[in-house]
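Look at Swiss-Prot and you will find 1-30 tagged as signal peptide. Summarising the annotation, Swiss-Prot assigns N-linked glycosylation site to 140, 454, 537, 546 and lists sequence analysis as the type of evidence. Annotation source Swiss-Prot lists active site, nucleophile at 241. According to Swiss-Prot, the active site, proton donor annotation covers 310, on the basis of similarity to another entry. Swiss-Prot lists 377 with the feature site 'Transition state stabilizer'.
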């Protein structure tokens, strides 16, 4: 869990220069500025990936929990919006301690969500609508209810070393203690004593989520088998969860103190140099990439099978996931979380430009950028940046070069529901934190049910009680209302996806500048096509903008997309030298000769 931070302009420039200097062999400005000249762009390279959190998306049977039939019923909505790929948060069999991230059977569907027949129907329906399905794959750990763990705890020879087991140590009073000072991401020791086995097992997350031992070739083979099982079911790839936690130092040394906190049970108490981002992780990424490439080659009738990887890690680590120094390729899409972790509602225009340039400049040649604006683990866009910024942030997301990732509900500007009571709180870290502190860490606010309409439970479910409370603002903030409105966040989002079909946004050159501390702009240019300019005001005040220097000469602009509160309208002609942007406004324009 990376903490958001702000950098001074001087620090940013020094870091950017450092990145360029230390990575001299990498293409610097070419990946940032040059047009993509290839005739072929693979299906995923310009896709909008729409993350569905199934438990909160749509309930089809009235039990208060979203399910696969609910997802199937809403696939036409995704197709109508223009979505061509969706990744589903975990749907595998699970005790639901961490709501699917504690898997008890990788080859079965969670009973609450449906059956394997439902999943097969989902894939077939999605395929008929031109939508590809990506599954969330959780390899770092299983549930403690998984058959593998039960057999490992019993020292079954075939599963004895499937997990990370270790003896404890005795303190001066002869009391048994964990092997070292490693902490769980969810708070507390990362070690849990198992009475039957007579050893501790490692759990980097909840104690019900024991870590698998990827140094055991049998574990790797078992996970390969899981991937092949779902590939044969027709999925187009996987999003790999918590990737950088896969390996730990075998000698189990104490981790050095970070100095960030005096609480020895806090995850921030130590520097995680022995439990995260070990070199072996990269080898596993490359192994899985080869598996996917081999599968694609053997099944030429299907599209490229891809890997998306989740890791809150240093930039160099993420770039190596793309391709290492020896040219070995890994993840097609190492998730770029900079819009989540490195900018906020307090950021100025230079912060945004810096974080965009940093990824594009550092990315190895021949790879595809990606931009994740939100997910199920972090506050929503409307909460992080403010409701007035929703359209501008979606304009940013959908006109940058490469892949865009949208969390369900962001197209409406859904907001976190921060008033969930302690009694209704279900998120594991929040429950561990306790009644006084749960709101500081709970992920429940961003996971509330999708707001389809102003009907009971926002049209999500007919149940008397839903698994999480519905945000009360659904009465005014819902899809049905936004479809009927003259202007709405949803209509802006849909128009942006339509705009993305233009060759200039698929293959155009890219350049970006901060025009001031409060406004930045970028343009996409391609020979024989109109240039598009995206302008964003990140401040809470109206700004007068002169684009003349940025576009090299005075020109007229034609508005392509404007936000819901904008005074401008699509098709309107305006001057490049005297453009007024209201607070948090974004605008996309086409250039005309003066």
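Every residue gets a Cβ built from N, Cα and C, even glycine.
Locations of recorded Swiss-Prot features on the structure.
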| residue | record | Cβ neighbours (10 Å) |
| --- | --- | --- |
| 140 | N-linked glycosylation site | 22 |
| 241 | active site, nucleophile | 19 |
| 310 | active site, proton donor | 20 |
| 377 | site 'Transition state stabilizer' | 15 |
| 454 | N-linked glycosylation site | 14 |
| 537 | N-linked glycosylation site | 26 |
| 546 | N-linked glycosylation site | 15 |
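Cα to Cα, residue 310 (active site, proton donor) and residue 241 (active site, nucleophile) are separated by 5 Å.
Candidate recorded positions: 241, 377, 454, 537. Nearest to residue 546 (N-linked glycosylation site) by Cα distance: 537.
On the backbone, the CA of residue 454 (N-linked glycosylation site) and the CA of residue 377 (site 'Transition state stabilizer') stand 26 Å apart.
Secondary structure at residue 241 (active site, nucleophile), taken from DSSP and collapsed to helix, strand or coil, is coil. Secondary structure at residue 537 (N-linked glycosylation site), taken from DSSP and collapsed to helix, strand or coil, is strand. In space, 241 is the closest of the recorded positions 241, 377, 537 to residue 140 (N-linked glycosylation site), judged by Cα positions. With respect to their backbone Cα atoms, residue 377 (site 'Transition state stabilizer') and residue 241 (active site, nucleophile) stand 12 Å from each other. If you measure from the Cα atom of residue 241 (active site, nucleophile) to that of residue 537 (N-linked glycosylation site), you get 34 Å.
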